[in-house]
Amino acid sequence: MLGRKSIRVHGADCGFESLVLGAITSMGGFLFGYDTGQISGMLLFKDFIDRFGQDQGNGTKDFDSIIKSLVVSLMSIGTLIGALSGAYTADWWGRRKSLSFGVIIFIIGNIIQITAMNSWVHLMMGRFVAGLGIGNMSVGVPMFQSECSPKEIRGAVVATYQLMITFGILVSNIINFGVREIEEQSASWRIVIGLGIAFSLPLGLGILFVPESPRWLAGRRDWDGARLSMARLRGLKHDPKNALVEQDLKEMYESLEKENTVGTGSWLECFTGRPSHIPKLVYRTFLGIGIHFLQQWTGVNYFFYYGATIFKSAGIEDPIQTQLILGAVNVFMTFFGLYVVEKFGRRMPLFLGAIWQAVWLAIFASMGTGLNPESNKTSGIVMIVAACMFIASFASTWGPIAWVVVGETFPLRTRAKQASIATASNWFGNFLISFLSPIADEGISYKYGYVFAACNLAAALLVWFFLYESRGLSLEHVDHMYGQPKVKPWTSSKWVPPGYITRKHRDESHSTGIDDDATRVASDERLHAASHEKKHSGLGEPTESRHEDVARAV
């Protein structure tokens, strides 16, 4: 029924099923954020400490630094492994079944945590298993959304992934705030973890009722299935040969043909540049690694993993309430970030954001070190303000834009592998933060903030000297720009593709309507020839009549 309903967006039909798909898959980002945010408050619950903490010299119970590090950080190791394996399961089983598999693994991990009685190892392994599921979804959700969403709403749908991560963190903070009244009972932390299972069900079950990715189906030469899936996503299930569906199908076919032409690069090629010799290929691999590793080492998860503990040690009366404020700032400013990335581009927001974050982290560290916040209320207030200003900048710059950069920087031949490497470096940075923070905090206390300030300055330098501005360019033009020896990162915002007056408008004196028509005719002829050849070679391409439908749509 929903496959027959649509709304008009920018003059084109977008099916209700595409909107439902976007809403359901965004729960993957919510689960990621929820799982990230929940541990901060749970570490303060009395029953949680009594069950899993260690006996201290003064006769009390608390977590040893190394144990706290392992309990928090092993989830990141799970997500790292899950992210690397997620691309394979998505290709083997399809996008929908792969996401359902990730949800099942996440639920199993949460059940292991809930059933833990007194063993921190039991709890830690549950977080590891849940991390495997989160990592699987962190790859599968953006991929599924980008492949299924009509181009008219693709940007907004994919952007909801980062937005839902921040919303998940906020909800976990709200729930932690609500159950703190029963912190002496095991129900406090078990409710928090158990609700994660409930939140995962809409994704695990709902994903089975939306269309499979048409691109995945087309990659397996199931063109009938791809056509029907695209028709449903356009709200045209009753008219699968509609011109709009035919145009989408033709574009997909040409994209697959181009991928087949350039081939698929190996993992080794990402680090050697051979045999393709694509300009700045290795350069871009390490740029992606640097951007995503430093996204974590801006220090954001220092506050989200351990914020409640940090503010408790700073003498704040209700640290969980403070954590709730940080979560709210994170959500609100992410909405602003969606505007920033399109209005101001990539380079300057990342550069200025890193400088701004370094300043406020230095203030945070200086106040905590110079004036004991336990005895100086003003110091504690300034530290909270500094943390909020830092989070506000991260949410509007480094939070969403780092993911945008990964989607735009790499060439088609090695894009999937380079994106996986960059994502893996993000999770590795996440692991190091979660593992080292309790140890560093015990050793150098608030001076740890200076480490993050230095990392932000390093991030600013990386962006200024190595990142090219890609706003307003197609992916092909971005690839072309990186191959221009005279274009430098700090001048790249002025670069215009050949044949264009600006980045958005062609030079009409070099691109006439006759030329465009001739190009389209030639493209149709190549498409027809390729389709005819593959049909007779037994590869299962569309029939000639089906191809003619595709060609006529243009």
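Keep in mind that glycine also has a Cβ here, set from the backbone N, Cα and C atoms.
Marked as transmembrane segment by TrEMBL: 12-34, 66-87, 99-118, 124-144, 156-175, 187-210, 281-304, 324-341, 348-368, 380-406, 418-436, 448-467. Annotated domain 'Major facilitator superfamily (MFS) profile' per TrEMBL: 21-471, in sequence order. Annotated region 'Disordered' per TrEMBL: 526-554, in sequence order.
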Surrounding residues of the transmembrane segment (418-436) on its own chain - C-beta under 8 Å, 6+ positions past either end: 69-70, 72-73, 75-77, 79-80, 83-84, 87, 135, 138-139, 270, 284-285, 288-297, 299, 301-302, 305, 402, 406-407, 409-410
Close approaches to the transmembrane segment (99-118) from elsewhere in its chain (Cβ under 8 angstroms; 6 or more beyond its ends): 25, 28, 31, 35, 51-52, 78, 82, 86, 89, 93, 125-137, 140-141, 144, 190, 193-194, 196-197, 200-201, 203-205, 207-208
CB contact flag for the transmembrane segment (281-304) and the transmembrane segment (380-406), at least three pairs under 8 A: yes
Annotated stretches the transmembrane segment (324-341) and the transmembrane segment (156-175) touching (3 or more Cβ pairs under 8 Å): yes
Contact set, same chain, for the transmembrane segment (156-175): CB under 8 Å, 6 or more residues outside the stretch: 18, 22, 25-38, 40-41, 141-142, 145-146, 149, 191-192, 195, 304, 320, 323-324, 326-328, 330-331, 334-335, 337-338, 395, 399-400, 403
Long-range environment of the transmembrane segment (124-144) - Cβ separation under 8 angstroms, sequence gap at least 6: 21, 25-26, 28-29, 31-32, 35, 39, 70-72, 74-87, 89-90, 95-96, 98-99, 101-116, 158, 161, 196, 203, 213, 403, 420, 423, 427
Considering the transmembrane segment (12-34), which listed stretch of 66-87, 187-210, 380-406 counts the most C-beta pairs under 8 Å: 187-210
